[in-house]
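Taking it in order: structure first as structure tokens, then the write-up.
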Amino acid sequence: MDTMSNSQQNKGIGRKVQAFGSFLSSMIMPNIGAFIAWGFIAAIFIDNGWFPNKDLAQLAGPMITYLIPLLIAFSGGRLIHDLRGGIIAATATMGVIVALPDTPMLLGAMIMGPLVGWLMKKTDEFVQPRTPQGFEMLFNNFSAGILGFIMTIFGFEVLAPIMKFIMHILSVGVEALVHAHLLPLVSILVEPAKIVFLNNAINHGVFTPLGADQAAHAGQSILYTIESNPGPGIGVLIAYMIFGKGTAKATSYGAGIIQFFGGIHEIYFPYVLMRPLLFVSVILGGMTGVATYSLLDFGFKTPASPGSIIVYAINAPKGEFLHMLTGVVLAALVSFVVSALILKFTKDPKQDLAEATAQMEATKGKKSSVASKLSAKDDNKAADNKTAETTTATAASNKAEDKDSDELLDDYNTEDVDAHNYNNVDHVIFACDAGMGSSAMGASMLRNKFKNAGLENIQVTNTAINQLPKNAQLVITQKKLTDRAIKQSPDAIHISVENFLNSPRYEELINNLKEDQD
């Protein structure tokens, strides 16, 4: 019993971690286009860019200081409470941004967005039932405005000092490690600090003055390489190019060019934030680069800014080009290997679970994950299952939060397409973690199949799991995510597939839709 209890507890923790990662992805992924646009502007038009332009370079600062944090805050608030949550979240985040204008408040936005969205949701739940008829617009607007007013001041007066304190602690910690000659360990603080946009505070507040003093005495300083090495970032992005999926994979190529050649390291930060375990990759990559340069006694005479391979090549002391390249390549290699393992690690256990579940189902006489049609036993039960579908789904929805993954999948017959009644289905939703990559491709593919089958009256869309509407009719998810989709939309029909782009269940679904809607 203890073993089973521990196993269920571990699975529960795993699902919570997965849900948290999904929430981070849903905040960051929709805004990657803004990151890339800003990255191009910064890489091309700044003083050390490819084509310096003083006028256009003025766009870079406001975009990273205001636009991107506000977009992230809006996304976080909207995930919790739709447009009202997003709008007030973005409004309140201005308090943190204005209080600390020299530091891009990405982390502050990721805190304020969901927090204010949740508060807006709770405010509406309290106010709306108590609103007199005819005063709905007045109460809605003023409740949102008052909450935005309060939380903006909260961000300015409370959260901003906390963020400033965190910055100070990181800076002091890095400086102490530098003075203690534990340079590779500096990466333990530097790399995570970079990801939350504290890189300028550490680089220019600590490394530049210390490096200038060191270079004045020794002719060069390794401190100029600690934060600016492009190796750890490009290692993560190459891992996404090879092992990533959907939008993350598609955008990693452009991000890699911007990061490695343009020196705009911030472009890879969202990719790490989407998978927090990748902090380990950039830390180990950074440590490798610092250790390599320490062994080779390599350093720059002046700061390497931006941290581009081009700037590194130009700044490398005469005769030490290979030393410079070695530090970058080894840092990138270690970061890539660890990132690849992490990306695969988050996938392999799920694959193993799916295979084990399929084997278990085959042993029990039920349909396996790769079967193209039902067994005779399942066929005999199909009619009875259809009749009992509504009762089963209702009973399961009432207890969805209390059941583990396997129980939910069994209760909802997620792998038995014939077990459901599709009379009233006119909308199919594909759902994945971020609601952009794999689900979008799956929806497009099924839309074409419906068109060829004469089912053009049925709408097919895609969304993130945590944005599934409560009144969803039919939801298609990958098997490892179906339990979360059920809890989000407990009254819907749920179908599990192993692969959005290649599943025999689509043909079964089309046949059932035609039969039930004739």
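Using N, Cα and C of the backbone, Cβ positions are placed for all residues, glycine too.
According to Swiss-Prot:
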- Cys432: active site, phosphocysteine intermediate (ACT_SITE)
- 375-387: compositional bias 'Basic and acidic residues' (COMPBIAS)
- 388-398: compositional bias 'Low complexity' (COMPBIAS)
- 20-352: domain 'PTS EIIC type-2' (DOMAIN)
- 426-518: domain 'PTS EIIB type-2' (DOMAIN)
- Cys432: phosphocysteine (MOD_RES)
- 369-406: region 'Disordered' (REGION)
- 1-31: topological domain 'Cytoplasmic' (TOPO_DOM)
- 79-142: topological domain 'Cytoplasmic' (TOPO_DOM)
- 195-281: topological domain 'Cytoplasmic' (TOPO_DOM)
- 344-518: topological domain 'Cytoplasmic' (TOPO_DOM)
- 32-53: transmembrane segment (TRANSMEM)
- 58-78: transmembrane segment (TRANSMEM)
- 143-164: transmembrane segment (TRANSMEM)
- 174-194: transmembrane segment (TRANSMEM)
- 282-301: transmembrane segment (TRANSMEM)
- 322-343: transmembrane segment (TRANSMEM)
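Same-chain residues lying 6 or more positions outside the transmembrane segment (174-194) and placing a CB less than 8 Å from one of its CB atoms are 201-202, 206, 210, 222-223, 226-227, 232, 265, 269, 279, 282-287, 289-291, 294.
Distant neighbours of the transmembrane segment (32-53): 59-60, 63-64, 67-68, 71, 247-248, 251, 254-255, 258-259, 261-264, 266-267, 270, 305-306, 308, 311; these residues of the same chain sit at least 6 beyond its ends, with a Cβ under 8 Å from one of its Cβ atoms. A 10 Å cutoff on Cβ-Cβ distances gives Cys432 (active site, phosphocysteine intermediate) a total of 27 other Cβ atoms nearby, all chains included. Counting residues per DSSP class in helix, strand and coil order gives 41 helix, 22 strand, 30 coil for the domain 'PTS EIIB type-2' (426-518). Long-range neighbours of the transmembrane segment (143-164) within the same chain, counting only residues 6 or more positions beyond its ends whose Cβ lies under 8 Å from a Cβ of the stretch, are 84, 87-88, 91-96, 98-100, 103, 105, 107-108, 111-112, 115-116, 119-120, 123-124, 127.
Here the topological domain 'Cytoplasmic' (79-142) has, by DSSP, the following mix of helix, strand and coil residues: 53 helix, 0 strand, 11 coil.
Along the domain 'PTS EIIB type-2' (426-518), the predicted structure has mean pLDDT 85.
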